[in-house]
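The following features are taken from TrEMBL:
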DOMAIN    209-375  domain 'Helicase ATP-binding'
BINDING   CYS437, CYS440, CYS477, CYS480  Zn(2+) 1 binding site
BINDING   CYS446, CYS449, CYS464, CYS467  Zn(2+) 2 binding site
DOMAIN    472-629  domain 'Helicase C-terminal'
Amino acid sequence: MLKYAGIVINSNSIQLDRIFTYSIPEKFLDKIEIGMRVYVPFGLGNKKIDGFVIELYDEIDTSMSLKAISNIDYSFPVLRTEDIKLIDIMREKYLCTYMECIKTIFPSALFKGVKNKKENYLFVGEDLNNKFSKEPYVTIYDVVRKNNGKLTRSLLSNKFKLSLSSINTMIKHGFLISKEIVVNRYNDREYKAYTKKELNLKQKETIDFILNSDKINYLIHGITGSGKTEIYMNLVEEMINKNKECIILVPEIALTPQMVERFKGRFGKDITVFHSKLSDGEKYDEWLRVKKRNVKVAIGARSAIFLPFNNLGLIVIDEEHESSYKSDSDPKYNAREIAEMKSEFYNCKIVLGTATPSIETYYRCEKGEIQLITLEERADGAKLPDISVVDMREELLNNNKSIFSIELLKGMEEALSKKEQIILFLNRRGFSTFVSCRKCGYVFKCNQCDISLTYHFSEEYLLCHYCGSKQKVSKDCPKCGSKYVKYFGVGTEKIEQEVKKLFPGSRTLRMDFDTTRRKNSYEDIYNTFKNGKADILIGTQMIAKGLDFKNVTLVGVIAADLSLNLPDFRASERTFQLITQVSGRAGRGEKHGKVVVQTYNPDSYAIKYSTENNYNSFYNEEIKIRDLMNYPPYVELMLINLSSENEDILIKSIQNVGIILKNFFKNNDKIELLGPCPCEISRINNNFRWQIIIKGNLTNEEKKYVKERIYSSLKDVYNSIRVSIDANPLSLI
Ligand code: ADP
Ligand code: ZN
Ligand code: ZN
């Protein structure tokens, strides 16, 4: 008999992130299982606290007397063996705690005590057919029968002008039965059936290859519109036929009504849709129907990777390059990595798809870890749009100081006159405060890190947010001597104002963080534009993906430089991705599309190759730089971020962490430490932020040591400092 249990306590404290041993009382000996939620006495006051059974033992070598488990929570789902394995891997990889993992694997609704939603409905009593031979009972009986499970007292009383008391009398005599039933909070609307496309040869080959090969990992590198989604759907169908389950991940903002419609239209309404904007109740119900094995397919954003499927055959990750697959709170997991961990358990296939593979993924294809499949043509035969690059330095020479180039203005006039639609795209992320010369395009960069320097308004200096080095801003351009040295700043609102000024009759729509905070606002804006009730859609990267508007013939990229000069070593990669994605929005229908990309850096390889649709040349350039500057995929990064309202304590603490790390790595010349220095966004909500970057490949033991040392050095300032450690961060701002 297993008499002892190793238990993880439900607490946020990092000091309690370990396994505590409890004894199992006699009455629970044959009931307790690994993964169960239990209640245990904890601490000096023996306060009852919940926790999870992670291990069971029949013997322990301690003479200490142990506390005993108080109770088992039978109503709570049990962590499965594979969940516990997953937790172990996640803890090592993401340096997170047991409870952070458990709270990620289970929807938070469970911890908040959300339960099934129940409502009262009226049903027909059983032996009553004969008793009702005359009106109005027959009709009532009939109505209830026809609406079985959907009729309430109030509806019935409204329909027949019956008082509630006579309905209650009918219930009392057993003519009607009132029953509490569980109502589903998920959307179970029927969708219009989706007609299957006749697959083209390339699509067929791809599907056959994936199904018949014994490899696990695939990348479909296919241009936008090459028919990837159609391929995913056929793979899903094959899996369903084999009685296997599938998860399809799409970036949160690409989980459009259009996407859901396509999948539900094809596979019926019994598909789970899972994303962060669902209410707790909706999440609970969707989660539960996976758990109860009522669905075989889920489509969702990154958290859908944790849905409790038991027999996974396929995980699809669409737009694999997207940074939204990485969680920004602990555990800072990447759904792509979790997919690989899960495929170890289920031996399921992983299919990544994108028009612009991340450098890391493509590098793995080159090393043979992922099978590459390339699709070079649009499935419906449509042509890719014409892309022209406008050099904004020349616009300035020609005395055009507006945010629109002459070419873009002309294009807009033409599209508006033909009643065609326009998308204006501003690739703004974070605060774009780089400084550049408007005449020659020169950008101030750090010599050591090859990263754009960030302008600090208050003290008027330039700072490298990787290594912390500072420079003064010169009034004249160091390259051409001009006086047009400026910091960059333009927002979507500003663009909308300009458009309204230039085209007073045009109808504009704005889609950005500010206008999409409400639950259905994205859908509303989307439908307004789709139904032709607006001419120009202005937006941030939100509009770059997934949207398929047949009447859009012109796309304008207002300032390609905004993403190009982000202080991030992935700036070129992001720019290539954004321009490619947004260009894919033009000319999706019969009409030919045109894209105008405005930039001060027309010669940058990211802009050049994206407008030429040449991923391979881009990759070859980029991977050389990664190698030369020692960035991923050649090394791993670890980001240590401290924040506090108290700047003095913060700086002292992070300097202390810096010293500890320097000492620890002093004999290791493969590890480079950058910082401590203020983060690119140096203050959020009155919290100052500083960071240290560790560049180099640490072993799991080293990572663990680093984490423990950091936490123990901050023991005395815990109350005023927040720590975040990110192994393999996607964003360094
Ligand atoms: P992607 O996911 O690569 O962007 P989609 O699967 O969305 O591409 O396909 C792009 C467009 O082409 C869609 O409108 C789709 O219905 C259509 N399409 C896909 N496959 C075929 C096919 N075999 N024949 C005709 N049209 C297709
Ligand atoms: Zn210059
Ligand atoms: Zn630097």
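Just so you know, glycine gets a Cβ as well, placed from its N, Cα and C.
Curation plays no part in TrEMBL annotations; they are all automatic predictions.
Secondary structure at CYS477 (Zn(2+) 1 binding site), taken from DSSP and collapsed to helix, strand or coil, is coil. Note: the Zn(2+) 2 site is recorded as CYS446, CYS449, CYS464, CYS467; in the same chain, ASN447, GLN448, ASP450, ILE451, LEU453, HIS465, TYR466, GLY468, SER469, LEU674 also have Cβ atoms within 8 Å of that site's Cβ centroid. Around CYS437 (Zn(2+) 1 binding site), the same-chain residues six or more apart in sequence whose CB sits under 8 Å from its CB are VAL443, CYS477, LYS479, CYS480, SER482, TYR484, VAL485, LYS486, listed in sequence order. Compute the center of the Cβ atoms of CYS437, CYS440, CYS477, CYS480, which mark the site for Zn(2+) 1; besides them, the chain residues with Cβ within 8 Å of that center are ARG438, LYS439, GLY441, TYR442, PRO478, LYS479, GLY481, SER482, TYR484, VAL485. Cα of CYS467 (Zn(2+) 2 binding site) to Cα of CYS440 (Zn(2+) 1 binding site): a span of 27 Å. Between the listed binding-site residues, namely CYS440, CYS446, CYS449, CYS464, the fewest other CB atoms within 10 angstroms of a CB are found at CYS440. The average pLDDT for the domain 'Helicase ATP-binding' (209-375) in the predicted structure is 94. Proximity of the binding-site residues CYS437, CYS440, CYS477 to ligand 3, judged by a Cβ distance under 6 angstroms to any of its atoms, singles out none of them. Sorting the binding-site residues CYS467, CYS477, CYS480 by the number of other Cβ atoms within 10 Å puts CYS477 first. Among the binding-site residues CYS437, CYS446, CYS449, CYS464, CYS467, residues whose Cβ is positioned under 6 Å from ligand 2 are identified as CYS437. The distance from the Cα of CYS446 (Zn(2+) 2 binding site) to the Cα of CYS440 (Zn(2+) 1 binding site) comes to 18 Å.
Each residue contributes its Cα atom, and for CYS440 (Zn(2+) 1 binding site) and CYS464 (Zn(2+) 2 binding site) those atoms are 22 Å apart.
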